[in-house]
Amino acid sequence: MALPEQDAATVADYPEVEDNSNEKKRQLKNKIFKGIFFGAVLFSLLMLLILLVRIFTQGIGFLNWEFMTSFASRNADEAGIQAAIVGTFWMMVVTAPVAFVLGVGTAVYLEEYAPTNKFTALIQMNISNLAGVPSIVFGLLGLTIFVRELSMGRSVLAGGLTMALLILPIIVVASQEAIRSVPSEMREASFGMGATKWQTMFRIIFPAALPGILTGNILALSRAIGETAPLIMIGALTYIAFLPDNVFSQFTVMPIQIFNWTSRPQEEFHFIAAAGIIVLLAMLLLMNSIAVWIRNKFQQRF
Amino acid sequence: MQSEKKRDTMLQTEDNRSTNQVKKETSNVYKVDKLNLWYGKDQALKDITLDIPEKTVTAIIGPSGCGKSTFIKTLNRLTEMVPIVKTSGEVYYRDNNIFNKKFSVEKLRTKVGMVFQKPNPFPKSIYENVVYGPRIHGIKDKKVLDEIVERSLKDAALWDEVKDRLKENAFGLSGGQQQRLCIARCLAIEPDVLLMDEPTSALDPISTLKIEELVQELKKKYSIIIVTHNMQQAGRISDRTAFFLNGEVVEYDDTSNIFSSPQDQRTEDYVSGRFG
């Protein structure tokens with residue numbers, strides 16, 4: 001705080017130092033831009049805070065064990081989210097392994113095996129584009145292929161596979177980045193000892209890239225948990241009074257259940273929707289925390 | 001085995017008499033015949049023709065960008081990791097054409113180990129680093145692996161420093177120790193040739209000295225080809241020296257000749273420090 005005074009004193013002591021007016025202008029500009037950027041951060045934080053406060057004040061009263069273990073109901077007092085929670089888990093059981101195997105497999109091929117030619121570049125470009133395709137389009141794809149063409153019906157399997165397709169581009173890109181971050185010296189060292197490509201991949205590259213790959217997968221899955229549009233498209237139900245017991249069961253998931261409650265006219269349903277959102281947010285926060293924890297704990301520094 | 005030991009001792013006594021003289025009757029590990037190499041359109045190696053004798057230290061010297069690293073990486077075909085590389089000419093490793101499809105690249109690299117410019121241990125324990133080679137070649141017996149670890153680390157003059165912490169991560173070692181670990185990792189699969197690509201350029205003088213002493217020890221058992229841009233180092237540790245300039249071999253002779261009476265003016269300019 002004493003610094004500006006000191007500066008002034010220095011200028012006074014050495015009059016030959018010119019008072020450059022441009023200097024002040026630049027300092028001011030510097031401060032203004034800092035203010036703008038901080039304001040941008042503040043705005044989004046404020047919005048998040050308002051959202052959280054609103055949801056918590058509305059929903060916390062309805063959040064209890066009965067809510068967690070009841071089925072949906074016409075009566076707001078008896079309505080619960082159990083079927084949606086279990087439905088979400090079932091969907092993840094299908095989505096996670098399918099998306100992991102296909103996504104990581106694609107990433108490994110593109111990074112380690114694919115020749116550098118125009119065809120590879122085309123695939124690469126389209127994967128990046130796929131990440132930007134609206135989720136409802138994936139819903140349409142799932143409806144056409146899985147529900148109708150492969151006659152899976154409105155099942156967990158059809159929904160899970162659709163979600164797997166939706167998050168595939170995210171997983172591919174994240175896994176590619178993780179694989180690329182393993183230094184080429186590791187490859188050289190392994191190849192230099194007579195290891196085959198597969199041995200190098202399996203024993204060196206993959207273990208080193210795994211934390212990054214897992215982080216990408218978990219973040220992609222948490223996106224899948226929050227998605228609603230594609231599942232509405234393939235016709236996941238909004239009212240079921242039973243738990244799915246295999247991959248061919250009909251099902252519902254949390255965001256669909258929440259959407260359904262908020263679209264009802266009675267105000268009580270809006271409160272239990274808020275309670276549902278709290279459960280969903282808690283789940284997403286948990287998954288993202290796990291992702292961050294894995295990244296911090298296992299990421300190798302080369 | 002017996003005769004090999006005998007020859008080792010013969011070599012040793014010979015070494016004692018005159019360090020930098022090569023026995024004329026030793027056979028060659030490498031025969032390079034008119035090797036050319038291009039990165040895309042840029043030619044990095046031009047008509048390289050030379051023979052590399054076994055159980056000697058051959059130094060490759062030359063200014064930056066003269067193709068010395070490219071040359072040594074061609075000897076175990078690591079240059080092929082760069083997709084735009086094209087080669088012509090022949091390289092024979094003990095009479096096997098290394099570019100011949102019947103002689104697999106994995107087999108070549110099993111016989112020809114490599115130590116790199118920057119120490120590059122795997123992000124695993126010291127023990128796991130050393131057994132990596134034997135494991136990929138199918139050795140599973142714990143007892144055998146333990147023996148290999150002890151022998152390799154002893155041969156790389158690292159055993160006494162790490163024997164109590166074999167399970168610790170290799171990244172915890174100092175740079176010089178990491179480089180000796182990389183040498184131990186190569187020795188674990190008992191190669192025939194050791195390629196060293198400026199192995200001391202990232203190390204401090206004391207670690208450099210240790211590696212140089214190690215090289216003198218290792219040449220009793222292995223043929224060593226070492227790239228260095230440190231001429232004093234080449235003079236200290238090598239028996240034969242090849243001087244590379246702009247992708248060509250300017251001169252290749254006994255190290256003592258290269259440094260005392262070079263035939264080519266460019267060699268003389270380089271070794272006397274006038275350029276490079």
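Backbone N, Cα and C atoms are what each Cβ position is placed from, and that goes for glycine too.
Copied from TrEMBL, the annotated features are:
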DOMAIN    A:85-290  domain 'ABC transmembrane type-1'
TRANSMEM  A:35-63  transmembrane segment
TRANSMEM  A:83-110  transmembrane segment
TRANSMEM  A:130-150  transmembrane segment
TRANSMEM  A:156-179  transmembrane segment
TRANSMEM  A:200-222  transmembrane segment
TRANSMEM  A:269-294  transmembrane segment
Looking at A:35-63, A:130-150, A:200-222, which one has the highest count of Cβ pairs under 8 angstroms to the transmembrane segment (A:269-294)? A:35-63
Count the CB pairs under 8 A between the transmembrane segment (A:83-110) and each of A:130-150, A:156-179, A:200-222, then give me the winner. A:156-179
At a C-beta cut-off of under 8 Å, are there same-chain residues at least 6 beyond the transmembrane segment (A:156-179) that contact it? List them, or none. 87, 90-95, 98-100, 102-104, 106-108, 110-112, 127-128, 130-131, 135, 138-139, 141-142, 146-147, 150, 205, 209-213, 215-217, 219-221, 223-224, 227, 230-231, 234, 236, 244, 246-251, 253
